[in-house]
Amino acid sequence: MEFIALLVSIIVFLVLNNKIKNIESDVNSLKQHDVLTKGIIQKQTPFVSEQPSPTSPQIPSMPPSPPKPSELETFFKWFAVDWPLKTGGLFIILGFVWLVTYAFLNNWIGETGRIVFGLVAGSCILALGDWWIGRSRQQGVILVAVGASIMMVTIWAAQSFYDMFPPVVALGLGALVMVLTAFSSIRHDDKSLISIALVFGGLAPILTGSTEPDIVALYSYLLVVISCTLWIVYVKEWRFLTTLSLILMTLYSVQYFFGSSYRLSSYTPMELLSLHFFAVTFSSLFYFASIAGVIRKRSVDKPEMVTAVLVAFYALGWINGITPEILKSIVALGVSIGFMIASYIAFQVTTKKEAVYMYAGAALVLLISATAYEFEGPVLVMALATQAAVIPIIIARLLNKKIGAGLLLYFVLPVLLSIGSFVSPSWQISVFHNDFYALLSVTSALFISGLYFYYDEHLEKTQHDIGTIIIILASVYGLALIWLVSNASIQTDSIAHMVTLTLYILIGLTTYIKGQVEKRNVMNKFGLILILFVIARLLIVEVWIMQLAWRIVTFFAIGLLLMGSVLLRKAK
């Protein structure tokens, strides 16, 4: 009952605050009127020179405006008018609050009466707030939210303490609170109230008190709530509601996202069929709602970007949780293709890169998941490397070259996953194994993509930044692969190091000289770095560990190559 007393006090405070604001607005309007009158008088005063003529009429100066009264003074002024009436009303409200408290303490009002009182009080406050929004928007919204909250708490108390209603009735009452709050929101065009209504709609199934909710009943109710919410999104263009609805559905569905084969076997065939139906239904609803929002507004905002990514993860959660293992990769690939189509549609409608990145990113998440469901280890690296090489080129050809270049970030995944192949124990056994093919795939994919974008930039006479970076990364992979192959194929470490370093110095000298001749700064620096690496390796490492005979041969060979490169250039 102290809560009701506090609530009534808040209502009284809001009423008084509104009166005070009205008085302040009247005072401000009077001040503005004084300023406007003063300005008009000043404009009407003729100025012939800086010194007014003796015969000019002297207009008396306006008196200074009185200081703005404080809030306490304003309140006392308001309270001074008909103060017995206001004091008596306050005493009656306090007496009523104490009467209700006393009645509850002495069980004058039974369980049913308490619940009815809570529902009626909440309804009255909600109705008062809806009417009060016309006078003070902020205060009215607060009253509507408070009234709806009282009703929801009352429903929860009725189920938790008294088990008063059947679950269906409790769910219906919660839905009614949601509808009333949503109606007030739409009527007064208030976004905060519709968010509160959606939260109450999501909480309604929890307040029923049912310990084992029926899958069909629960998701059918949520389907109605989400469908109505998306209709409001279409009518009012409040697209943030799509994201909130998706978050709500994710919270209700996350328990099914991490299922195992053992857990799947615990569901009946009808339950599995229902879960599959609702998974496809909700994923499709949010997918098409996201596309429709982009097409209708012809732009991409943060709500659409967040929604697109969340829809992808939402669909992926269902795929991971309830799809049989043998079908996971196929289903994920199909959904990925759907997001690729959405990416194409969004780009054609908006011609903005953000739209493509939004859906393409979601599609790539699903494509990576489909690949991970199907492969593992070095084979997964090979598959991802192939995708990383093909997808940017296709996107560059179909949509936009800048977008395709941006998708080269896909290489981050195969590059990271291939690190383990460099230190695999398989290199101690043979040359040709899965780790070799994984590194060869990444190297080839990098070279193909780098050369494509390099020559594409060359044809358009733009700076070769992206292509050059990818080619350099591919070269590093190629050099590392040469080192691993040499050490795996040649039994003697000294001979393997001699062969590898000789190849390195040949490659370094070639790129260094070619970069100088063709004035290609990046190639020249790459060759120089490789030459310096070989020299440093010889002087710091190989001079101590290489056998003396092979050390002599290696130093002679590399020394002759270094000297010969200079002598041959001077001879030409």
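Residue positions begin at 1 at the first shown residue.
Cβ from N, Cα, C; glycine included.
The region 'Disordered' annotation in TrEMBL covers 47-68.
Annotated compositional bias 'Pro residues' per TrEMBL: 54-68, in sequence order.
For 87-109 (among others), the entry in TrEMBL reads transmembrane segment.
As annotated by TrEMBL, transmembrane segment applies to 115-133 (among others).
The feature transmembrane segment is assigned by TrEMBL to 140-158 (among others).
Annotation comment: TrEMBL describes 164-186 (among others) as transmembrane segment.
Residues or ranges marked as transmembrane segment by TrEMBL: 216-233 (among others).
A Cβ distance under 8 Å defines the sequence-distant neighbours of the transmembrane segment (240-258), meaning residues of its chain 6+ beyond its ends; these are 191, 194-195, 198-199, 202, 218-219, 222, 225-226, 229-230, 232-233, 275, 279, 282, 286, 289-290, 293, 303, 306-307, 310-311, 314, 317-318, 320-322. The transmembrane segment annotation in TrEMBL covers 240-258 (among others).
Sequence annotations record features per position, and here TrEMBL assigns transmembrane segment to 329-347 (among others).
According to TrEMBL, the feature transmembrane segment maps to 356-373 (among others).
As annotated by TrEMBL, transmembrane segment applies to 379-400 (among others).
Residues or ranges marked as transmembrane segment in TrEMBL: 436-454 (among others).
With a threshold of 8 Å between CB atoms, the same-chain residues lying at least 6 positions outside the transmembrane segment (466-483) that come near it are 405, 408, 411, 415, 422, 436, 439-440, 442-443, 446-447, 449-457, 500, 503-504, 507, 522, 526, 530. The feature transmembrane segment is assigned by TrEMBL to 466-483 (among others).
Summarising the annotation, TrEMBL assigns transmembrane segment to 495-514 (among others). Counting only same-chain residues 6+ beyond the ends of the transmembrane segment (495-514), those with a CB under 8 A from a CB of the stretch are 479, 482-483, 486-487, 489, 520, 523-524, 526-531, 533-534, 537-538, 542, 546, 550, 553-554, 557-558, 561-562, 565, 569.
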| query | In the same chain, who gets a Cβ under 8 Å from the transmembrane segment (115-133) while lying at least 6 residues past its ends? | reply | 4, 7, 11, 14, 100, 109, 139-151, 153-155, 157-158, 162, 164, 173, 180-181, 184, 187-188, 190
